[in-house]
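Asks: Pasting the relevant annotations from TrEMBL:
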- His148: active site (ACT_SITE)
- Asp200: active site (ACT_SITE)
- Glu209: active site (ACT_SITE)
- 269-349: domain 'Carbohydrate binding' (DOMAIN)
Amino acid sequence: MGGTGWAMTEFGWDVKYAGVQTLVAKFLMQGKAGLHAPVFERYHQKAEYFMCSLIGKGGRNIQKTPGGLIFRQRWNNMQFVTSASFLATVYSDYLASSRGSLKCAAVNVAPSELLSFAKSQVDYILGDNPRATSYMVGYGNNFPRQVHHRASSIVSFKVDPKFVACRQGYATWYSRKASDPNVLTGAIVGGPDAYDNFADERDNYEQTEPATYNNAPLLGILARLGGGHGGYNQLLPVVVPAPNPVVAKPKPAPKPKFTPTPATSSNPITIEQKMTTSWNAKGKTYYRYSTIVTNKSYKTLKDLKLSISKLYGPLWGLSKSGNSYGFPTWLNSLPAGKSIEFVYIHSTSPADVSVSSYNLA
């Protein structure tokens with residue numbers, strides 16, 4: 001595959017050697033190298049070179065800002081931060097699972113130090129930095145308001161449905177100094193320069209442009225930090241032990257509840273519920289219910305309001321307003337003969353669902 005001789009200090013969208021080296025090091029720790037062990041060991045050494053450079057204990061260390069953020073280049077530097085931190089996170093788990101340590105130039109480093117480093121980068125991104133700025137849009141009180149993103153910087157279709165041509169969007173919206181009319185919640189922007197400075201300006205694309213390859217690695221890190229190690233050996237398949245035979249008769253699942261309302265001129269809407277699956281967690285049985293609402297009339301259904309009682313869990317597929325539920329945000333009417341589905345999960349019999357009000361047009 002090549003790359004055995006490449007000692008890397010970066011991992012980004014077009015430089016993947018450090019990722020390959022980390023994966024091959026995993027194969028070596030799993031005992032899968034076989035006759036290729038000498039070559040795999042060279043990948044392993046380069047993976048450790050990269051990890052040591054991240055935490056400042058290598059022969060050639062990665063540059064960091066005064067505030068401690070990895071810095072590779074001014075244009076969208078954050079991609080290098082999230083991707084390198086992701087590698088540090090998984091490598092930390094590989095080492096912990098193999099009961100090993102990171103071997104740097106003059107010291108052995110515990111796996112926990114790599115994970116702590118990754119967390120420090122996430123903390124910086126989310127606002128623990130000299131500017132007290134969150135580089136995740138919508139998170140915290142001080143985040144980028146002029147993101148270099150066309151859909152975010154132009155008024156929503158829901159606010160003004162008039163067509164916006166390419167040049168018009170550039171001339172009218174791009175140069176505005178006001179905050180984005182559509183907040184691009186969750187996006188990670190390019191981030192600060194080598195001295196922790198950041199200019200929140202729409203035309204400053206090097207620092208305010210978001211990218212999917214900024215966000216994707218961050219999800220992995222957040223999942224690990226949020227979920228913990230769990231005691232699993234990351235080098236072995238997760239084997240779930242077979243359950244012991246159950247002596248007591250299990251509690252039967254509640255029977256699916258059907259509430260079909262006959263289609264009549266006075267009640268042209270039918271509601272049908274059914275349980276689609278169930279599972280046990282921490283001694284409790286949970287049920288997933290699917291509910292189909294059908295417009296049986298010959299007209300378009302609008303302004304639907306549903307009353308849902310005895311609901312003890314999350315619901316997806318409807319929008320809530322006060323004590324009632326209506327169409328989801330992406331739907332404002334239901335044509336004749338069409339249906340919509342929503343689902344919910346809780347640990348008891350089906351909720352009570354009924355029609356409160358509606359209009360036919």
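Cβ from N, Cα, C; glycine included.
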Asks: Determine, to the nearest whole angstrom, how far the Cα atom of Asp200 (active site) is from the Cα atom of His148 (active site).
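Replies: So the Cα of His148 (active site) lies 10 Å away from that of Asp200 (active site).
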Asks: In whole Å, how far does the CA atom of His148 (active site) lie from that of Glu209 (active site)?
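Replies: Between the Cα atoms of His148 (active site) and Glu209 (active site), the distance comes to 5 Å.
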Asks: What are the DSSP helix/strand/coil residue counts across the domain 'Carbohydrate binding' (269-349)?
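Replies: Per DSSP, the residues of the domain 'Carbohydrate binding' (269-349) fall into 0 helix, 52 strand, 29 coil.
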